[in-house]
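Working notes, beginning with the structure itself.
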2 protein chains.
Amino acid sequence: MKSIFYTRFFILLPWILIVIIVIDIDTKRLSVRNTASFYLSRLGNVHGSNATSLPVIYAITPTYSRAVQKAELTRLANTFRQVPQFHWIVVEDSNSHTELVSRFLARSGLRYTHLNVFTPRRFKRTGMPRATEQRNLALGWLRGHRSVKDKGVVFFADDDNTYSLALFEEMRSTRRVSVWPVGLVGGRRYERPLVEEGKVVGWYTGWKAERPFAIDMAGFAVNLQVILSNPRALFKRRGAKPGMQESDFLKQITKVEDLEPKAKNCTQVLVWHTRTEKVNLGNEPKRQQDSVYIEV
Amino acid sequence: MKSIFYTRFFILLPWILIVIIVIDIDTKRLSVRNTASFYLSRLGNVHGSNATSLPVIYAITPTYSRAVQKAELTRLANTFRQVPQFHWIVVEDSNSHTELVSRFLARSGLRYTHLNVFTPRRFKRTGMPRATEQRNLALGWLRGHRSVKDKGVVFFADDDNTYSLALFEEMRSTRRVSVWPVGLVGGRRYERPLVEEGKVVGWYTGWKAERPFAIDMAGFAVNLQVILSNPRALFKRRGAKPGMQESDFLKQITKVEDLEPKAKNCTQVLVWHTRTEKVNLGNEPKRQQDSVYIEV
């Protein structure tokens, strides 16, 4: 009798142990996974479990060679690195990829596309719109490399502005064309679309209030599918008037009443039109240079 | 005979299973942990396993109320958020904590200390050193709240400069006082300490070359223990000459020959003395304001 009891005990005990261990593994694995995704989501990391289903933000940044260029790109990349599902389209105003920008992008840790197109000298005059060729090349790239299957939002991110991380989460849900306030622009603390009952009904601006879309380049985003389904929508070079680039472009793809207000019905400033001072290089040595070459 | 075989089989089988499962758990757990720490380390995250043993970087940032203040703090925080073991000491030039900076810091996701001290109006003149009171208050805070047990590095991070992430990893190993080049300063593309055989032997500068330490505020870091063991080392207000703040401070705690060159023997620019343009608010409405108040 005793022997049968022991036999049964030794047969049952390990099976009970197995059941306990298996249950234990499942809960532990789950908790490890939860802890990891908690930190990853706090960091706004692209590797988070839901990140890949988010629409990609395509930020189009025209840039040109100057003393502060690498500094500007550095702080821009420091911001963009924290935006999940982000694709940076950098378009140089040059005849070829410069070494500085190529090296910088390769080390940035960001997903990027590096393009270049030189703006003819006759267009580089005061009062002429800037970066037209660069923005249009980026739009062309999107039309050539993305299709109806791709979920995305397109945003024009000049290299001297200041962006809060919250801005990108606002624009990510853009269905057609979304708008929001921009700080430090048009001679005012901010400009913004005026919103009534969820619709844009006018513009708070101190400059050229008669513009159809009285908005800065940093004040709107466009769903990728709108860019693809309007293949001829481009920034105008011929006949373009100062300050009319945004309006000329937006009227090709939307109407004021269809705009989607973001940032709490356009009552929050999440992007600033900062400008960096031109650098004084008056003490740069005329002849005797430094003993080493240093990229700045 | 057959019955004994089955009995033994059913006794042994579960034990074998247990051994297999336990081995399996250990390897799986390890790999989950490795995967997580790989992503976390790529992100330079403070939760990484080795992060807590790193010296803390205390960045002292004097700041004052102006149109671009929130924009500047926003891009600064976007950079600092990616630096592991980072503690931001923000010192406002004001009689009390402003709401804007308090709210901003609380939402920044950074470890921070918020201080304030008002600079008397008589010190706010051209040619007078700026932010002296704010930097000294931060040094006082460190002396009052940190001890010989704390590992740290102190750095003066003005709110308009541009910082690469690599800079912080360079300064983290500072044993006493470390130095490196600064971009876009002194009327040149960069200024830098000249290094021979691992020692600073002079300065590449286009401005006041006779300064004992011809270096910008963004060009050096000091080990926390040096700050604590020199309790009277402060920035000078009385008798201070323009451009001499750094030299006046550094000569209280170190000698040129003891400086530790960073950034590949001072041949890399990892910080830029960028300056943001003052904002034109000429179109701000004189009477009729916007219908809502918006913080910019």
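Just so you know, glycine gets a Cβ as well, placed from its N, Cα and C.
Features as listed in TrEMBL:
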- A:Glu246: active site, proton donor/acceptor (ACT_SITE)
- A:Pro62, A:Thr63, A:Tyr64, A:Asp93, A:Arg130, A:Arg135, A:Asp158, A:Asp159, A:Asp160, A:His273, A:Thr274, A:Arg275: UDP-alpha-D-glucuronate binding site (BINDING)
- A:Asp160: Mn(2+) binding site (BINDING)
- A:Asn265: N-linked glycosylation site (CARBOHYD)
- A:Glu191: site 'Interaction with galactose moiety of substrate glycoprotein' (SITE)
- A:Asn283: site 'Interaction with galactose moiety of substrate glycoprotein' (SITE)
- A:6-25: transmembrane segment (TRANSMEM)
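Overlay of TrEMBL annotations on the structure.
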residue: A:Pro62; record: UDP-alpha-D-glucuronate binding site; Cβ contacts under 8 Å, 6 or more apart: A:Val91, A:Asp93, A:Arg130, A:Ala131, A:Gln134, A:Arg135, A:Ala138, A:Asp158, A:Asp159
residue: A:Tyr64; record: UDP-alpha-D-glucuronate binding site; Cβ contacts under 8 Å, 6 or more apart: A:Glu92, A:Asp93, A:Ser94
residue: A:Asp160; record: UDP-alpha-D-glucuronate binding site; Cβ contacts under 8 Å, 6 or more apart: A:Glu72, A:Thr274, A:Arg275, A:Thr276
residue: A:Glu191; record: site 'Interaction with galactose moiety of substrate glycoprotein'; Cβ contacts under 8 Å, 6 or more apart: A:Pro181, A:Val182, A:Val185, A:Trp203, A:Tyr204, A:Thr205, A:Gly206, A:Trp207, A:Ala214, A:Ile215, A:Asp216, A:Gly219
residue: A:Glu246; record: active site, proton donor/acceptor; Cβ contacts under 8 Å, 6 or more apart: A:Arg211, A:Phe213, A:Ile215, A:Asp216, A:Met217, A:Gly219, A:Phe220
residue: A:Asn265; record: N-linked glycosylation site; Cβ contacts under 8 Å, 6 or more apart: A:Val195, A:Gly198
residue: A:Asn283; record: site 'Interaction with galactose moiety of substrate glycoprotein'; Cβ contacts under 8 Å, 6 or more apart: none
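Among the recorded positions A:Asp160, A:Glu191, A:Asn265, A:Thr274, A:Asn283, the ones with a Cβ under 8 Å from a Cβ of chain B are A:Thr274, A:Asn283.
In this view, A:Asp158 (UDP-alpha-D-glucuronate binding site) is surrounded by 21 other Cβ atoms within 10 Å of its Cβ, with every protein chain counted.
Cβ neighbour count for A:Arg130 (UDP-alpha-D-glucuronate binding site) (all protein chains, 10 Å cutoff from its Cβ): 16. A:Glu191 (site 'Interaction with galactose moiety of substrate glycoprotein') falls within a strand when secondary structure is assigned with DSSP. A simple way to gauge crowding: the CB of A:Thr274 (UDP-alpha-D-glucuronate binding site) has 24 other CB atoms within 10 angstroms, across all the protein chains here. DSSP assigns A:Asp158 (UDP-alpha-D-glucuronate binding site) to coil in the three-state reduction, placing it in neither a helix nor a strand.
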